[in-house]
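Noted in TrEMBL for the protein shown:
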type	residues	note
DOMAIN	101-190	domain 'PPIase FKBP-type'
DOMAIN	235-270	domain 'EF-hand'
SIGNAL	1-20	signal peptide
Ligand SMILES: [Ca+2]
Ligand SMILES: [Ca+2]
């Protein structure tokens, strides 16, 4: 972060750029910056003090980033690039490139912008996550898509896409860096299946999901990976109770894989119909002009958060998120119904 201030400062001077923050002209204290770069002291003493002065308030890190995004012409995105030299960047055979929801196991080395390594998983074991479900910072959730078994990839993540709640797995990742660079070694991409999804949540591996297990699953997601409900008012116990009712067709207070599969597939069928209708409506509105439909929320998560999509359209809207803590206080609107023979 601090280094970035220096970089930005040089960038601004180099381009002879004068800008205003809406209140007054901003000046940068050159002497303080030069001093800070020139001397070597104890780490805390060597933190450069760069004053950005103006008639208005000093700029915050967020304002400086906003400025850089303006000069970029839009929000900063992740940058990916290939390893060169001794590494084969992509294996010859790639039977399955990682997609959203796939389970991926990988190693990383993380670097600051100045090239200093801040962490690596080598020596302590790789990480396994479900891609695209918020278990890792958004920049890596996005940047690791398309990777194959044994592939090596460098991913550069701007601040905007590197935010993540504090957690055990990501505790070594600095949280106020302008940009983080990762070397990712993909060990294994496991294509998503309903079986894998069920196993992922079946923490004690006894082929059933129970209320207490779901609560433990939510707690594990938060503690280990910093993944939480978007709606902070959701109570894990109430959500787990609702989840059991949602899937438990034979009323034995636990969910078997058969129950899980049938309900998910029931919902997927409804989602497909909803998606078709949406496309038709969009086509009627736009005529032949095929515009991308506007994003109205987040894609449905096949884990514990499956129950958030109350209208089964595949999207968890802001409204659905907001009402979830209330809805979970009662039973689901649609209860599972099956033939007894099926179960
Ligand atoms: Ca279990
Ligand atoms: Ca929905």
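Glycine residues also receive a Cβ, built from the backbone N, Cα and C atoms like all the rest.
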According to DSSP, how is the domain 'PPIase FKBP-type' (101-190) divided among helix, strand and coil residues?
9 helix, 36 strand, 45 coil
Just give the helix, strand and coil counts over the domain 'EF-hand' (235-270), going by DSSP.
26 helix, 3 strand, 7 coil
Pop the mean pLDDT for the domain 'EF-hand' (235-270) in here, whole number is fine.
97
